[in-house]
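Inspection log for the structure reproduced underneath, given as structure tokens.
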Amino acid sequence: MPIRGGRIVDTRGRTLLAKIWDQHVIAHVSDDTDLLHVDRHLLHDLGGSRGLIDLKSRNLPVHNPELTFATPDHAISTASGRAGTITTGQELLAALRTETSASGIRLFDIDQPGQGIVHVIGPELGLSLPGCLIVCGDSHTCTHGGLGALAFGIGSSELTHVLATQTIIQRRPKTMRVTFDGRMPFGVTAKDLILALIGHVGAAGGTGYAVEYAGSAIRGMPIEGRLTICNLSVELGAKMGLIAPDQTTFDYVRGRPYAPQGEMWERAVTAWRTLRSDSDAMFDREVTIDVGTIIPQITWGTSPEHVLGVDGRVPDPRDIADPARRGAIEIALDYMGLKPGAPIAGTKVDWVFIGSCTNSRLSDLRAAAEVARGRKVAPGVRAWVVPGSETVKRDAVAEGLDKIFIDAGFEWREPGCSMCLAANGETVPPGQRSVSTSNRNFIGRQGPRARTHLASPAMAAAAAVSGAIADVRTMER
């Protein structure tokens, strides 16, 4: 391989990651580490407020406020009227308002058009664009890769560094390509595909990698499904997930408030069409999934890798040879209150949560509403629907989705993160069981001793009206 500037240059076909990464390199720090320019810095109330306060304490200005955007989502109440935001949430929101105003940062505030979960509003406003490098102090920033962006979460010190310099130092990750090929079976969604992948490779299967998703199932998938796929990349340990932009991407982005307009749009699309892995590009790891073999998925344990088809049975630790894995399964079963070998379908549930940066977009609510239409939430079940943004809420109301949910006995709430991370006291009570469209089922994630099963919006709605984990394929019209 040739050497340029003291660095070995790979002249083989380039991956999508390499093309976007190389466009953002300001300086090489070492053989595998670079100083990168950041195109978009997204802030939320939890990390953004603290980062801005930290910057002010150092007497430093925000370097590029016009490339920084903020919204409250984590610590705000999603109750009607925003009633009951806890003291910490009120303080974080007040700080976010004060510091963004002082710094000239655009804030999409509560009840304003554009407010919502940061990983929902980025794409819908056109802040997230193909080829962009996007960071946020949140692990699910990988969501934006569904539009062909290089997007990843950063820590608190990195957040302050980006505010001060509009740059970040990063080690280039290894590359993995996951090819989803085949026709999507009835009742199977993007959420099922990514959960099945996590179950296949494990929660650490993507550690150290940037994962590019490809294949016929991805090419035929709408953008909101692609965002769901990329959202859970971090749950298989990956730094980022990304999908090559195509005509579906361009049609989605066109006309959004922050998207290029006029001649700039044509120039942008011309550039974006080059953002795909070359046919001879080499990946460090390849995984192929036949989507025709996938059925609706549901998690049973305390990690996203603890997943099985809805017609499956809870694993029996006695069948596991590896002592460490057997012990982990025993702990998970004890926490979840499940019997080894029992069918997962029919497991009684107490709560259903439809929301989060994974599954709170309009298409998600439509899928859940289709199941809820004409049915009632089962006795003893509390079911919440939390739209991902003010825009999603507005559009859902315009379609009458809110009425479908309310008539069925669901609680229709305001945009925010809510029960995904037990924010603002919005928790599943101890010992109770939830089916959730969110991304993590860790111990205590939805509240102390809360038991969480991850599923698609349609599967969650099926659980709400059945009072138990149910196969949505028997209910969809």
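Don't overthink the numbers, they just go from 1 along the chain as shown.
Cβ atoms are placed via backbone N, Cα and C, with glycine included.
Pulled from Swiss-Prot, these are the features on record:
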BINDING   C357, C417, C420  [4Fe-4S] cluster binding site
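For C417 ([4Fe-4S] cluster binding site), the Cβ neighbour count at a 10 Å cut-off comes to 31, with all displayed protein chains included.
One way to see the shell of the [4Fe-4S] cluster site is to take the Cβ centroid of C357, C417, C420; the remaining same-chain residues with a Cβ within 8 Å of it are D73, H74, I117, H119, H140, G355, S356, T358, S360, G416, S418, L421, A423, S438, N439. Around C420 ([4Fe-4S] cluster binding site), the same-chain residues at least 6 positions away in sequence with a Cβ under 8 Å from its Cβ are F353, G355, S356, C357, T358, S436, S438, N439, R440, R445, Q446. Using a 10 Å radius centred on the Cβ of C357 ([4Fe-4S] cluster binding site) and all shown protein chains, the other Cβ atoms total 26.
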